[in-house]
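Below is one structure, written out as structure tokens; comments come after it.
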Number of protein chains: 2
Amino acid sequence: MLKFLSKPFRQLTIPASDREFYRSLKHILGYSPDNLEIYKLALIHRSASVIISPGQKFDNERLEYLGDAVLDAIVADFLFGEFPSGDEGFLTKMRSKIVSRNSMNQLAVSIGLPNLIMVSNGALNHQKYIYGNALEAIVGAMFIDKGFKFTSDVVINNFLRQHINLDELQAIEHDYKSKLLEIAQKHHVKVTFDTHAINTEKQSPHFEAILFWDENEIGRGSGNSKKEAEQGASKQGIDWLEKNILSNSDE
Amino acid sequence: MLKFLSKPFRQLTIPASDREFYRSLKHILGYSPDNLEIYKLALIHRSASVIISPGQKFDNERLEYLGDAVLDAIVADFLFGEFPSGDEGFLTKMRSKIVSRNSMNQLAVSIGLPNLIMVSNGALNHQKYIYGNALEAIVGAMFIDKGFKFTSDVVINNFLRQHINLDELQAIEHDYKSKLLEIAQKHHVKVTFDTHAINTEKQSPHFEAILFWDENEIGRGSGNSKKEAEQGASKQGIDWLEKNILSNSDE
């Protein structure tokens, strides 16, 4: 009853304490959110999590898990439509460029999300991808609040098309080897590649690269060219370094 | 005009040559597909791909890319609802059990998909996950034909709830180390773990395991216990073996 009044008067039904939050959120997302509580949850980093009872905590990690998967599907669908003759390898590569932690973090900053995130100061200094993770959680919240189609339209039209340049992205070839050599130089460590052809029963020539950080093997890669194999090994090596060495230093 | 007639009389509008395919598909999926062509495409394995012009081929790989992402989102959402107090680690683990290549392959067989797949005989002998991949492509086709909500309902109600037992799945702990030792025995190769505590500035104790296949390092893992670290290294090792050794043998 009188339901037709609800939309124009929505703001009147929002508690005074939430109106500022509602306005900021609406401004950032470009639409009127319905279930404010779920968006609030999406913005609580685990460093600021609310413990309800043992084993029960309120923070954005479950929503981040959900939003991450929803975002992947949205971006996969978006690229499927944008590149009707792009093959699955190309599409997969483009997708991982768009949803990379770096790119999501930048996107979160571009749309102005950081101001709304609840996080302890300590965590902000240590963890690099808080903003991008919160953006994923917001996508999860949006999906619960408004469904897939609506979320997909918002993500594509308000976020991706406004802030991501597909032509530029296409041109970027992630050069993991250069990045690795840079890290090595900074840490004064020698890196070497053992790269060699391997015999397989497959038709195409195949190479394998083994990457050593000082004397320790930290990555392997393979591919149809030496370059591809070394890129693969470098990517694995960077992942390993990020987990085991870079995350402990104060960068 | 006369649009209201279209549904009951749909079968009359399907070319005679497609009616058998339409019936089988409807039986397997549990609903009436609209755009038959997209489902046909989903069932063409690349070994049977149709080359239209240089660089343009018709097979199910693009749809598999799309369906894989859509399926991830559906399963993520499903588990989010089924386990309201499961944390993101648990949910992620459960999801990867459900969408694992093995589990998807089994699901494809359970719903009777193999009969419909177009594949060259040679490929069937060599590639283990053709059925599961085709199932992913079918999910991609369904998504294009009917949208996310519909696809999600079909996947959850007709596939997951009928063929996947969440309680059983929860009980399964993937034991990668046992699987690795099994493979090693079969190939008469000695595997060893170098597992040790590592000093980090983090609060919790941390272990690292390095896995050697003969003399070659093929995996690393880390975790809060030796067991966890060795499981991680074994998982990485199995991935490596699958890419580099097992895929070349005739199993």
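From the backbone N, Cα and C atoms, a Cβ is placed for every residue, glycine too.
Of the residues B:Glu64, B:Glu82, B:Glu88, B:Glu182, TrEMBL puts just one in the Mg(2+) site with B:Asn133, B:Glu136: B:Glu64. DSSP assigns B:Glu64 (Mg(2+) binding site) to a helical segment in the three-state reduction. For the domain 'DRBM' (B:175-243), the DSSP counts in helix, strand and coil order read 29 helix, 24 strand, 16 coil.
Applying an 8 A CB threshold to same-chain residues 6+ apart, the list for B:Glu64 (Mg(2+) binding site) reads B:Ala42, B:Asn133, B:Ala134, B:Glu136, B:Ala137, B:Gly140. Listed in chain order, the residues near the Mg(2+) site other than B:Glu64, B:Asn133, B:Glu136 are B:Asn60, B:Glu61, B:Leu63, B:Tyr65, B:Gly67, B:Asp68, B:Met104, B:Gly132, B:Ala134, B:Leu135, B:Ala137, B:Gly140, each with its Cβ within 8 Å of the site Cβ centroid.
Listed in sequence order, B:Val99, B:Glu136, B:Val139, B:Gly140 are the same-chain residues six or more apart from B:Asp68 (active site) with CB atoms under 8 A from its CB. Reduced to three states, the DSSP call for B:Glu136 (active site) is helix.
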